[in-house]
Amino acid sequence: MYLCVVAVVSMVFRLTLVFILFSPYFILNTCAKYEFDSKTLFVNNDLRYGPQKTIIINAESGSDLSNNDRHKREVPNSFVDTGTEKVKVKVNYLYDSHNQLLIHWAGEGSDVIVCLARDSTSTISRPIYPSNVYISYDYGDTYENKTHLFELPDGSYSTVEKLYSHPKCNTHFVFTDVRNKQLFVTTNYGRNITRLDASFTPSEVSFHEYQPQTFLVLHKSEQKQQLWLTEDFGNSWSMIQEHVKAFAWIQDNKTGEQQLIVQRSELNGLSIILYSDNLFKTRLSLIFATDVKNFYIKGDYLFFTKKSRKDNYDLYVSYKLGEQVKCSFDFELDHQDFYIVDVTDNKALIVVSHTATLSHLYVSENLGGNDGKVHFKLSLEAVFCYLPNSTWQNSWLPIVTEDSFADVYKVEGLSGIYIASQVRIKPVGHNLGPQHLVSLITFDHGGSWRPITPPEYDNEEQLISCSPANNCSLHLSQRFSKLYPDTRSISILSSKSAPGIIVATGVIGQSLKGHFGVYISVDAGFTWRQVLRDLYFFNMGDHGGVLTAATYFKNRGKTRHVLYSTDAGETWYQAAFHDEELRLYELTTEPGENTTVFTMFGSRPQTHQWIIVKLDMRHVFEYNCSKVDYKSWSPSQNDENRSYVPCVLGKQATYTRRVPHSNCYTGLNFDRPQSLEPRDCDALDYECDFGFVRTGKPFHCIRNKTTLEDPYEIPSTCKPGQFYNRTKGYRKISGDACVGGFEKQYLPDIIPCPLQEVQEFLLIALRNRISRFDLTTQKLEDLPVQDLKNAIAIDLDMKNNCVYWADIETDTIGRQCFNNGSSPEILVSTDLESIEGMAYDWISHHLYFVDGNRARIEMIKTDINHSGRMRKTILDSRNLIKPRGIAVHPAAGYLFWTDWASDNASVSRSNLDGTNIKVLFSKPEVQWPNGITIDHIAERIYWVDAREDYIGSSDLHGGRFKKIIKNNTLVSHPYAIAVFKDNLYWNDWKQNAVFSADKDHGVAIKLLLNQRLLMDLKVYTRSMQEGTNACANASCSYFCVGAPKQSYTCLCPDGMEMVNGECLCPGKIQPFRNMTCPSIANTCSKEHHICNNGICIPNGWRCDGEDDCGDGSDEAHCAPQTCDPNYFACKDNGKCLPHYWRCDYERDCTDGSDEFNCPKQNCTENQFTCSNGRCILKTWKCDGENDCRDGSDEKHCIGPEPSTCKSNEFQCAGGGVSCIPVTWRCDLERDCRDGSDELNCSNNTCADYEFACGGPTVRCIYSSWVCDGDKDCPDGTDELNCAVPASTIPLPVNPFLLPNGTACHDWMFTCANKKCIPYWWKCDEANDCGDNSDEIGCDPSVAVTTIRPSLTTNPVYAVCQDAAFQCASGYCIPLAWVCDGSKDCEKGEDEVQCSGARHCTDQEFKCSVNGNCIALKEVCNGHPDCPDGSDESSCTTEKNLPSGSAGPSCSIGYFSCDGSICHPLASLCDGKHDCRDDFDETNCNPEKRVYQVLQMGVDERSINQSSLLLYWWIPLPDKVKLEFLPSISKSATNKFSNKTWIEHTEYRFMDLQPFTKYNMTVYVRLKDTNTAFPPAKYFIASTAEEIPTPPWNVSLEQKNGSVLISWNEPTHPNGQIQHYEICWFPPEPPIKIKLSDNNTAHLLTVNFQPNEKYSFFVIAHNRLYESKHSEIKSLIFGGESNLDNIRNLTVTTGTNHSVS
């Protein structure tokens, strides 16, 4: 078994493509990495659709049709026969009967094709005959027999086995004859061939990429493995290494030259890795690694394995021979072998085999490593991967192949999309089949996987019945299905030149077992269509513009027709390619090209002799494409009734593609434009970090308890004064370029390295004291805080070591700091009634608190000691009823609170300034929400519900909700909650205790403390209060609070108002220097409203929905609130959005009201009118793409049903007329919608390759389905008498089954059969134990009374106490819960027969337990009137109601105010007093009014290389119409260009230069006037990058044996130049070297030939584009090098034969 290195194939075997179609034994050894013992490291050898130029076709198994061949549905087809007028056919008869054909395209525009006809080296039953070589010089029209050029010295002919082509110089070939130790070389495409005798066996050949005359040959034998070198194309040889186990090439990081790497075997059975930059021509070589088992190079990365313990290996990776970094996988299972699926940029997908039948797919973070490791996180469990001598050894696979493979396919042309096969059902013994596999797809580089959506209709427009609820989806064939003897189906096809188009063989059902068809997706795998039934060869050409298909000979035998389609498979045409039917072995095109030339390989069915058929489909197109035949396309997706365009790794990728129904020719040289624009970050841009796993839908990341590493552990390299990243469980997907958005919720916290990590502790309010509970020592100690009466709420300032509390008996808020020995402080002592909770903003030093009686959330500044601490009301009774718990997230800018109002209980969120209120949860999810907290690591909230008795959690937006603990007596009346790292903590009033549990699953509940009088509870450690927000760089005068997306808001304290960003006292009076306001006169100022009762209130309180006057006069005559004239309001929430977002065909309001009542466009006759009024081209209708953005262009695209059936068709019985071929009757498929084609089948007979199920209904199934462990017959007769001796069926290894006598891990559940499973698998409705014990006792009505899950099989019935009601399940609830409108019993029996139930009135109090009603006057009267005493609990002294609220020279466009302040001219006479002396509002008249644009921005979504869309908004008074003049200048030039006067508030500046910063402003004037007001504000933005101009002034200078090439950078880089490419010729095509930096000179050290003329040019690359090549400069390389004179030459020793 030999290992093929994909990265080196491009250097060795000119883009090699391996086809093993019918011979399971052939192994192609065409690689530059070779091994001779058992391996632990495997690589992806599925090279079919990479850039390879060679394929291998095997016809050995095709000599006759076996009994297993299926010939189903031989019906006359309905394809349109076009003859050969449009398809040009050339047929070549080789008259050659070898069983293998190797075909190589020279590529790079060459017309040379080489065919090597040979016998398979695995053919043992017959002799090996000499090979034949055929070469075409006219792209397959004719072939010349070159066999006579391969004559051996004895007159016989060579048995040529392999062909190697130079990766860049495509004229150079090497043919090898291992049997006779011969090499045949050519430098002119085989026109002349030279035979070379070798003293070694030329087992493998590898070219030097940049030196065409240099190549290596590996000699392999049982005794020794030698590596031979030639630098003159085989004329001379030198042996450079022995004991070579493997070798490979890698590019030097600095010079760009190739280095040779050799793995050499040592006596200890392991290996060392050596490397050399001079091909080991001297003894100087470097040791890279020792004790190595295997290695592999992919691109710039070197992977190798080392043994860690018995049968376990560690994987290491290095970038260009740099630091060796160990790979760490987040599942602590055995690591037996590794399979590298893909390496893209700096990210890898690797399969790890854990047992003989269990392999997981992992995805890496940055391969450069972090903390000395490369972390791999679990991407997909149980992926199918076959590794020889390792996995699936007891199946049929070792019999049919020796190649390793993983069923993971990378979709070409798009980033991050993969399709994988997963082992969903584990087979028993050797019965591995397609019924055990399912297909899944990922669009985010393995971050999340989902089933493949099946089409709604089949290719006959019959409705497909496939429901996801029945686990039905589309499954696609990969390597497994290609090897499976009964299918041998074709694998998936995609192409970089046709982004978004995928063609595949598939099955619709619950697994890969079923009837095949050909399916196509034109939107990158989001949606699919069936285009053909049964098995076909297929391929694509002309950038996906033409699809071809031919009958698969294993399916229908022989054919003489080829099918083609120019509309993505909607319509198929057929053309004859031969006058007799042939057996086809392959249909292909030149790999990596966009040609319309296809080639088929086959033979006559009677006797095997190779026939090559060339098909030119250029003329199937009606015309050449023009600009109107293309449109922009982006991957789109519909998910949970939401239509959106997802980002590709944080960027919105837009491609230019041909319109599907445009039957036009694109051509080979089509330059496909593509744009990538960064987008806001959201959850799709992140994946679970190392040590975390996905859960829920939509997903969130929780700790993976199976890994032993602590992801929260402080790195050992973290030194005091430095910082480290503490994960939140997420990491950005590698290569993702999103910016802003919600990234703060996922990015790690930046934590300072501690001097010594502080232990975690709980801070607990115990009414008359505050205590600290050490979570490490489990000790409780009281804090030195005196004179507490009834402390309810607490919080802590970790930085200053200060504790805050609220005492509801004294109605005060206090603070005690412990660092400086200060005395207790009272921060607030007025206008408080019942403080229920508090939360400290450690960034802005604000303390938020909840006043439950006054229904307010307020805040104060803690870092000042005057003006009532600048008290500010954030929310009041307009939004609150009975607020209780509170939590703040200063970094994200959010405020969370609970409200336990009986009719409107809720968990809500707002910004920290009280805006953007969002109710996250209400009834029935919450009934009596109590404490709430934030998990700042996982970015989730947790709360407790004292009515529903559960602990709940969700993300910060209310998504991914789940109940962590429910139906547990330890959560019977929870009050407060806290979360940190892996644990949550809560206290419970009924239990009088504090508990902890796992925060993700609620398991491992632990009693921490038994204590009465428990109130608030918080958890702390030194790294808790870290982070920052935009307030760090803000300059607010009073309050600065963080806001979402790294913004901030300035606020004024109560009694002041914000005026032009400045806080002023009532009457717009400036505050004193100490920031307090002067007293207000007895009369009301114009800034205040006069109530009917004479009270003055701020104008802002009018029409706010609250009776502030006391007589209701401030809420009278209020009109509905409207948005600014330049905005419009959404109907559902009144949100104000810019007017240019309206009618833009994108849904910006949550209710879509921004797209209501939009004016219909006047579409032309060539356009289609969308339902939303948008106009699109008619050719875009029904093309599978949502161009209207409302889906209306893709509706009603299914053609009409046939009205009558043909004579050879069967008419379905029900529901209109539906016709199917008569041969489809009784074939096990429900082809009729009513299933009538499967009725009355008792007389049905089965074919000889099928098995007949028993009567009365005779079903026919494949014979291979018999005894496969799956009952396919209705009566199960296919699985009878299938006994296999137990000794022949090895039991699969279960990683969760521990040895006898070993207890399960503490995070596992012990099944009744002693099997161990993760706790979170219990009660998940899946029989994970195997004896169903993990699903026993999972009825939600069962009261769980133990901390660990109970295995009790029956509900726990009990006799309910007095004042209790017993549900039918035996569960007891308080009588007060009966007939209260809420179903508390599982079946709702507590709310039955409630018509006569009495409810308490507004003047009555309802007792908590029995529900009795007592008068309000009897509440808190010192005597308990309720049986449970609830009328006397939580009684406080009544307080008075709160009292009511009583603060140079200027540039053009500004005016001076108060002698030192500059204000925009627009502030003059605007009705607002900006100057203290009222200068701005004195002597005002309409002529003095100045209008200026003070707020503007650029639409980031529409920025491109040549334009910017500027928008602005301006307040407009009534009856005033304005005009605007946009103006623009290059930044720093101050040369503005005025455009034209417009009335709109947006303008697109066109014809701008790429990657250029521009300064923009807007002039304003009154309409129909000529006087323009000078601007006051400017906005700066940059255009996008563009293609750079070529480098110039290229110069060449020979330096000894090298060439110094230098150049000038592009005149217009149009971006930031990242690197350059140096190119030279000969040979043809030119050789290219990519430099690693943007230096403009390079010393090129290559084996240049003397007196040869070489030409050079340079290409520049910015971040997105590459330039055209520079001018070409040439030099004749001199034969003599200018070497320095040799000095100080001395002779040290001498003999008769040598001198030293």
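Just so you know, glycine gets a Cβ as well, placed from its N, Cα and C.
Unlike curated entries, TrEMBL annotations are predicted automatically.
For Cys1462, the disulfide partner named by TrEMBL among Cys1450, Cys1457, Cys1469 is Cys1450. Of the listed cysteines Cys1163, Cys1170, Cys1182, TrEMBL assigns the disulfide bond with Cys1175 to Cys1163. Between Cys1457 and the candidates Cys1435, Cys1475, TrEMBL records the disulphide pairing with Cys1475. Recorded disulfide link (TrEMBL): Cys1241 to Cys1226, out of the candidates Cys1226, Cys1232, Cys1246, Cys1253. The cysteine that TrEMBL pairs with Cys1329 in a disulfide, picked from Cys1311, Cys1316, Cys1338, is Cys1311. The cysteine that TrEMBL pairs with Cys1367 in a disulfide, picked from Cys1338, Cys1379, Cys1385, Cys1394, is Cys1385. Checking each of the disulfide-bonded residues Cys1158, Cys1182, Cys1241, Cys1385 against Cys1450 (disulfide bond) by C-alpha distance, the shortest gap belongs to Cys1158. Between the CA atoms of Cys1158 (disulfide bond) and Cys1241 (disulfide bond) there is a gap of 58 Å, rounded to the nearest whole number. Secondary structure of the repeat 'LDL-receptor class B' (939-983), assigned with DSSP and counted as helix (H, G, I), strand (E, B) and coil, comes to 0 helix, 26 strand, 19 coil. For Cys1197 (disulfide bond), the nearest neighbour among the listed disulfide-bonded residues (Cys1163, Cys1226, Cys1241, Cys1385), judged by C-alpha distance, is Cys1163. In this structure the C-alpha atoms belonging to Cys1316 (disulfide bond) and Cys1469 (disulfide bond) are separated by 79 Å. Proximity of distant same-chain residues to the repeat 'LDL-receptor class B' (939-983), defined by a Cβ-Cβ separation under 8 Å and at least 6 residues beyond the stretch ends, is recorded for 696, 698-700, 703, 712, 728, 730, 745-746, 760, 762, 885, 887, 889, 892, 894, 896, 898, 900, 905, 907, 909, 918, 920-921, 925-933, 989-991, 993, 995-1002, 1005, 1014-1019, 1021, 1024, 1340, 1342-1345, 1347. In this structure the C-alpha atoms belonging to Cys1367 (disulfide bond) and Cys1469 (disulfide bond) are separated by 72 Å. Nearest in space to Cys1329 (disulfide bond), taking C-alpha to C-alpha distance over the disulfide-bonded residues Cys1182, Cys1241, Cys1372, Cys1420, is Cys1372. In terms of DSSP helix, strand and coil, the repeat 'LDL-receptor class B' (893-938) has 0 helix, 24 strand, 22 coil. Along the domain 'Fibronectin type-III' (1587-1680), the predicted structure has mean pLDDT 88. Cβ-based neighbour count (10 Å, all protein chains) for Cys1329 (disulfide bond) stands at 22. Sequence-distant neighbours of Cys1182 (disulfide bond): residues of the same chain at least 6 apart with a C-beta under 8 Å from its C-beta are Asp1193, Glu1194, Cys1197. The disulfide-bonded residues listed here (Cys1241, Cys1311, Cys1385, Cys1420, Cys1469) include Cys1385 as those with a Cα within 10 A of the Cα of Cys1372 (disulfide bond).
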